[in-house]
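Right, one structure below, let's go through it.
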Amino acid sequence: MDKLLIRGGQRLSGEVTISGAKNAALPILCAGLLTADDLLLGNIPQLQDVSTMIKLLGQLGLRVKQDGDLTTLNGNDITRLEAPYEMVKTMRASILVLGPLLARFGEAKVSLPGGCAIGSRPVDQHIKGLQAMGAEIHIDAGYIYAKAKRLKGARIVTDMITVTGTENLLMAAVLADGETVLENAAREPEVTDLANLLVAMGARIEGIGTDHLVINGVAKLHGARHDVIADRIETGTFLCAVAAVGGDVTLKRTRSHLLDAALDKLREAGAILTSGEDWIRVQMAARPKAVSFRTTEYPGFPTDMQAQFMALNCLADGTSHVTETIFENRFMHVQELNRLGAAIDIEGNTAIINGVEKFIGAPVMATDLRASASLVIAGLAAQGETLIERIYHLDRGYDRMEVKLSSIGANIERVK
Ligand SMILES: CC(=O)N[C@H]1[C@@H](OP(=O)(O)OP(=O)(O)OC[C@H]2O[C@@H](n3ccc(=O)[nH]c3=O)[C@H](O)[C@@H]2O)O[C@H](CO)[C@@H](O)[C@@H]1O
Ligand SMILES: C=C(OP(=O)(O)O)C(=O)O
C-alpha cells in the first residue's frame with residue numbers, strides 16, 4: 001500500500017495550478033444520466049473518487065470518453081439502474097445516481113451508504129424528498145428501491161442543510177412534472193455549479209445560490225458544455241500548508257470568493273493574501289497566530305477545511321478553540337497530530353489547541369480524506385521524517401498532491 005514520506009522544514013515557493021472541485025465534479029458526472037445527448041465537461045480532476053464514479057456510471061451504461069482536459073458523457077444507452085454496495089462503500093457520493101435515475105427512468109436501486117469515519121451520515125432527507133415527489137421507496141437488505149412513473153413537483157423542507165441531498169433532489173426535480181420548491185437548500189458553490197450546468201442543459205431553476213430553489217420540471221434535457229469550478233478545499237489546503245511552513249506561493253486557476261471565511265481566518269493567523277480574477281497569492285514569514293473558529297454550512301467556515309486549519313493552529317502562538325458542528329466524529333486527526341507533538345484536548349465537539357513551537361516527524365496513519373491532508377501539512381512543517389500510511393484516503397480527493405507540493409519545494413515522495 002502506498003505511503004507518503006515527508007522530510008519537513010522546507011519553505012514553499014512558486015506556483016501551483018488548482019484542479020477542478022471533487023465535490024462539483026461528482027454530481028456533475030451524475031447529471032450525464034439525465035440526458036441522451038453529449039455532455040462535454042472540462043476541468044474534471046484526476047482523483048480516485050472521479051475514477052470510481054466513472055466506473056459506476058460506466059456500469060450503468062453511460063459512455064465516458066476522456067480526451068485531454070475534455071470528458072464527454074453520453075447517456076443514450078443506459079442499461080442498468082443499480083448502484084451496488086461494492087461501489088457505494090468506497091464512495092458515498094454514489095448516492096447521487098438515485099435522483100437522476102429515478103427522474104429519467106422511473107426506477108433505481110442504490111445501496112445504502114452506511115456510516116463512515118467522520119460520522120453516521122444518513123440519507124433520510126434524500127429519501128424524504130423523493131417520497132414527497134411521489135416516489136415509492138422501500139429499503140430491503142441494505143438497498144434503497146425507488147419507483148415513480150413520473151416524479152411530481154413538491155415543496156420540500158429538509159430537516160437540515162444537506163449538500164448531496166440538495167443535489168439529488170435538484171436532479172430529480174428538473175425532470176419532474178410541475179414545480180418543486182427546495183427550502184433550506186445547501187448554498188455550497190458546488191451545488192451552484194451543478195445548478196448552472198443543469199440550466200445549460202435546459203432545466204428551469206430559480207434562486208440559484210440561495211437556500212430557496214424553485215424548479216419547474218421539463219420533459220427532457222439536452223447536451224451542454226461546462227467547466228467545473230476550482231476546488232476550494234484543495235485551494236485552502238495549499239494555503240494552510242504555506243501558512244504552516246512559511247513561503248510565498250501563487251495558486252492559479254482558483255478564485256478567492258469561493259472561500260472567503262477560510263481566507264479571513266488565514267489573514268487573522270498572519271498570512272498575507274492577495275488575489276486576482278483567477279489566482280490567490282499567499283505569503284507567510286512569521287509564526288502563525290492562534291485562530292478560533294466553528295465549522296458551518298457555506299458561506300461559513302467549511303468542515304472540509306477544519307483538519308487542515310487545525311494543523312496550522314497546532315504551531316500557532318496562543319490557544320485556539322475549533323468547534324465542529326457538521327459531523328459528529330470529525331476529530332480523527334487529533335490523536336495523530338498529538339503523536340507529532342501537538343497539544344490538543346477534545347471537549348465534546350470542540351478541540352482546544354495549545355500552540356507548540358514545532359512538530360517532530362513520526363509514522364502516522366491517515367484516517368479520512370481531510371485528516372490525511374492535515375497530516376501532510378504537519379509533516380511538511382515537522383522536524384525530521386514523517387511517514388503517512390493509508391494515503392488511499394488522500395488519493396480519493398487530491399489530484400497528484402505530492403507532485404504539486406514537490407514542485408513548490410516540498411521534500412515529499414510516494415513510497416511502497
Ligand atoms: C461529495 C460531497 O459533496 N461531499 C460533501 C458533502 O457531503 P454530504 O452531502 O454527505 O453532507 P451533508 O451536507 O449531507 O451532511 C450534513 C449533515 O447532515 C446530516 N444528514 C445529511 C443528509 C441526510 O439525509 N440526513 C442527515 O442527517 C449529515 O449526517 C451531516 O451531519 O457535504 C459535506 C458538508 O459540507 C462535506 O463535508 C462533504 O465533503
Ligand atoms: C467528506 C468529504 O467527502 P465525501 O463526502 O465524499 O466523503 C470531503 O471531501 O472532505
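For all residues, glycine too, the Cβ spot is worked out from N, Cα and C.
Bear in mind that TrEMBL entries carry predicted annotations, made automatically and left uncurated.
The following features are taken from TrEMBL:
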type	residues	note
DOMAIN	7-404	domain 'Enolpyruvate transferase'
BINDING	Lys22, Asn23	phosphoenolpyruvate binding site
BINDING	Arg92, Arg121, Pro122, Val123, Asp124, Gln125, Asp304, Ile326	UDP-N-acetyl-alpha-D-glucosamine binding site
ACT_SITE	Cys116	active site, proton donor
MOD_RES	Cys116	2-(S-cysteinyl)pyruvic acid O-phosphothioketal
Check: Including all protein chains shown, what's the count of other C-beta atoms within 10 A of the C-beta of Asp124 (UDP-N-acetyl-alpha-D-glucosamine binding site)?
Finding: 11
Notebook entry, point to check: Near Lys22 (phosphoenolpyruvate binding site), which residues of its own chain have a C-beta under 8 A away, given they sit six or more steps off in sequence?
Noted result: Pro45, Leu47, Asp49, Val50, Asp231, Ile233, Arg396, Gly397
Check: Can you list which of these recorded positions (Lys22, Cys116, Pro122, Ile326) have a Cβ closer than 6 Å to ligand 1?
Finding: Pro122, Ile326
Checklist line | Cβ neighbours within the same chain of the residue listed as 'active site, proton donor' - under 8 Å, at least six residues apart | finding: Arg92, Asp368
Margin query: DSSP secondary structure for the residue listed as 'active site, proton donor', reduced to helix/strand/coil, please.
Written below: strand
Item checked: Number of Cβ atoms other than its own within 10 Å, given for Asp304 (UDP-N-acetyl-alpha-D-glucosamine binding site) -> 26
Next item on the list: Tell me, if you would, which residue among Asn23, Gln125 (binding-site residues) has the fewest other CB atoms within 10 Å in the structure shown?
Entry: Gln125
Note to self: Between the two most separated Cα atoms in Arg92, Arg121, Pro122, Val123, Asp124, Gln125, Asp304, Ile326, the residues recorded as binding UDP-N-acetyl-alpha-D-glucosamine, what distance in Å do you get?
What the structure shows: 22
Note to self: Measuring Cα to Cα, how many Å separate Gln125 (UDP-N-acetyl-alpha-D-glucosamine binding site) from Asn23 (phosphoenolpyruvate binding site)?
What the structure shows: 19
